Amino acid sequence: MQASKPKSVGSIDKKRARDRRAQQKLRADRLNHTHSLEANIVLLEQQCKAYEKEIQELRTENEALQSAQQRIREIVLSNSFRTSVGFLWISPNESAPPIGSKVQSSNGTPLSPAKFTGLNPVCDLDLSLWSRLPLNFAQEPHISENLYSCFNRPDLVQASPDEPSPVELLYGSSQNFLADRIHKATRFWPICDPERLASGLLTYNMIKWLTRPSQESFGRLLGFQRPINDQLQRPHPRCIDFVMWPVLRANLVKTFHKYDLKLVFAAFTCSLRIRWPWGKSFLEPDVTNSLRVHKEFYDTFTKIEGWGLSDEFQTQYPELLVGMDIGTLNYSIFDPMPASWTKHSIHSSGIWYIYFHPLRRIPGPKSWIIFPIMRHASAIRGRFDIYMRQHHAVYGPVVRFGRDEVSFITAEAWKDIYGHGHQQLPKVLSSASNTLDIISSNDTDHSRYRKALSHAFSAKGLQAQEPLLNSYVDKLIERLKGIAESNLPADMVKWYNLTTFDIIGDLAFGEPFGGLDNSEYHHWVSTIFASIKAIPFLKLKDAYPLAFKAILGLIPKGIMEARKRQLEHSRITVQKRLQTSSSYNRGDFMDSMLRNRGEKDSLNDSELEANSNILIIAGSETTATLLSGATYWILRNPEALAKLTDEVRSVMKSEPEITAQKASAELPYMLACFDEAFRLYPPVPTGLQRRTLVPTRISGCDIPAGSAAYWSSTNFHAPDRFIPERWLPEAKSDPSSPFYSDNRGVVQPFSTGPRNCIGRNLAYAEMRVILARVLWNFDLELCEESTQWSDQKAYTLWEKPPLMCRLKLRESFRG
C-alpha cells in the first residue's frame, strides 16, 4: 500500500511554532540573565569583604609609615640639612615674610619681598628682581604645544586681560588667547576642576611675566613661584619654571637630564592636589551673578601649604623630593578620617566613592562606580544607551552611573540642566570636541556663532532656501521611482542620507556632495560614519591619559585616519569657498557667517572650518536618522502607516502643494509620528552632558560642584510601543485617555534653553517635506531582513544598518 503524502503545515501552525521557540528563547535568556546577576552580586559581596580586610591591613601598615615619616621630617627640617640646600628656602611650616621685609638667600643676597597679589591690582612696590628671568634653553623638548605656542605670540599674550575669568581658564575663550591656550593644555589633565583652575591661574601669571617682564607682571607672581638661584644660574627647560615647589624646581634643574621630562610631568599633573574639600564649591556668584573664585579657595591655593602631591609621584620619583617636608607635602583625602586611610588606599579600592563621596546617596550600579572602565567599555561596544535604560529601570529617575556622573529622566531636569538661567553648567568636553564650533564652545563664543548663523536659520532665510530643498527632494523621488519600477528593494537609510547631505552641503559650502546624482556616498561622508566610532575611544583616553599609547592601540585601524581626512576635507572646502566668496550671494550658511567679515565679532578661518564641519554632521546625519527611525516605526505599525498615508493624500491634493509651511500647519498626525519616533529613537542617544561648577539643585537633588549631569527619557504609558496618538491634542486634554498622564515634557527633540538647536526649523522642514512626498508617491512595505532594524549600536550617534523597503508607485499612478 502506498504511503499517504504528509499534509503541509499551515502558516498558522508555523507562526505558533515560531512563537513557542521565541518564548522559550526569551525564558532561557531571562534565566541566564538572572543567574548572571546573582553571580555578580556574589562577586561584589566578596569584593567588599576583601576591601574591608584590605583597609584593616592598611591601617596597621600606615601606622608604621607615619612613624617613619615623622623621623624623615625631623631629618629634613634639621639645620644641618637646610643649610646644605644652596638656594632660597621657606619652610612650608613657616609663615611667609611680611610685606616690606627683606628675605635673604643662603649666600646672603637680599631678595624682594613675597606678595600674594593674585587677582588683585599690583601695588607700587620695589620689585627689583622683575627683570631677572630664568635661564632657559633656546631649543628644548615641548611638554605642551599649546603652552609653548604662547611664547611665539607675545603680542596676543599681552593683549589678554591681566585678570582672567575663572570660566575662561576652565572652558576657554576666543576672546582671551592666553586663557584659551591654558584651557586647551589642561582640559585633559587627569585632575579635578579646582586643581585645573588654580594651576591655570598660576600658569597665566607666569606666562604674562615671562613674555613681557615688568614690575607689575612680576608682582602678580606668588612668592613660591618666583625664580630661585638655580633657575637664574643653570640652563634648564622652561617647563620646570611652572612647578610650584622651589625645592622641587631646584632638584629638577640639577638632574633633569636624567629623566624623560614628559613622563615626569605626566606623573606630576596626575598627582597634583589642592587641600580643598571634595564637592565644596570653589566658585561663588558676585553681586552681578557672575562667577568668581571663592575667597577661601583663593586663600588656599595662593599658599604653598595649600598644595600637595599624592603618593604616586612620591613613589615614582623620591629622589626629586629630597629636601622637602614629606609630611606636609603628602596629601590625605580626609582630615576627619583616621590618618591611616590614605588617599591612595581609599581611591584605589573605590570605597570612598561608594561610602563617602557627596553623590553616595544617589542610587546607581556600584560596579560602574568602583570600576569606571566598565562605563567606557559599554560606550566602546556601542551599548551605553541600552545599559542606561536598564539602570533607570532598576534604580529610578535619578541614577549615578559614574564616580561624578548622574543621569536624570525627569521633565524638570531639562530646565535645571539646560534651561535659561543655568549658564553656569558648561558642557562636558572630550578630546573629540572642538571648542571653536557652536556645539562645544563656551557661552560667549556660542552667542557669537549663533548670531552669525541666525540670518540663515531665520524663518525668512529658510523660506528663501525652500526651492533649493525641493530640488533635492525632486531628485530623491526620481531615484526612488526608478527603484520601484525595477522591483528592487530600497535602502531608505542610504537615500535619506544622500538627500540630507546634499542639501546641507549646498547650504554650507555652496555645492552638494553629489550623492543623489551618483547614487553613492561621497568619500567625505563615508569618513564621517567611520570617524564617529573614534569618539568613545577618545573619551577613554581622556579618562586614562597615561595609558594613551595603549588606548590608541585599541582603536581599529583606519578610524583615526578617517577622522583626520574628514577634518582636512572641511578645511579645504571652506578655503575654496572663501576664495570665491565675492561671487556668492545665496543667503546660505556661509554667506551668513561671512556677513560681518573683518569686524570685531566676526568668525576667523578656524571658526568657519569648525562650524561648517559641525553643521554638516548635525544638519544632515541627525535629520536622516530621525527620518529613518520614523519610517521604520511607521512601517512596523500598519494602522499608523494607513492613517498617516491617508492624512497626506487627503490633505494634499497635488504633489506641488507639499510645502514646508503647509505640511507644518495641516499634517498634525505626521508631527505626532515624528515626536513618537524621537521618543523611541533619539538621533543622539548618548545625550549631552553638563558639569556643575557650583553646588546645584537638579530635579530635587543636590548635586555638588564638579559633577556631570546627563538627561535621559522614559515616563510613558506603554513605553515600548509606537503610538503617535499620545502626542495629539485630545490625548493631552482628555483625562480618560490612557496617555493623559504621559510626561511629554521629558522629550525635547531639539533641546531647550539658550543653547537649543539652531537648525530646528530646517530639520522639521526637511523631514516633513521628504516623508510627505515619499508617502504621496509610494506604497511602502518593510522587508523581512529589516524587521529588527532598531536593534543597533550607538557611538554618540546610531550605527544604522540598511533599512530595506519595497516601494510601489501608488495605485492611481500605475499605468
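Note that Cβ sites are derived from N, Cα and C of the backbone, with glycine treated the same way.
Predicted automatically and left uncurated, TrEMBL annotations should be read as such.
Quantities reported herein were computed from a predicted structural model and do not represent experimental measurements.
TrEMBL tags one of the stretches 1-30, 421-450 as region 'Disordered', and that stretch is 1-30. Under the three-state DSSP scheme, Cys757 (heme binding site) falls in the coil class. Taking the Cβ of Cys757 (heme binding site) as centre and 10 Å as the limit, one finds 19 other Cβ atoms among all the protein chains shown.
Per DSSP, the secondary structure of the compositional bias 'Basic and acidic residues' (12-30) breaks down as 19 helix, 0 strand, 0 coil.
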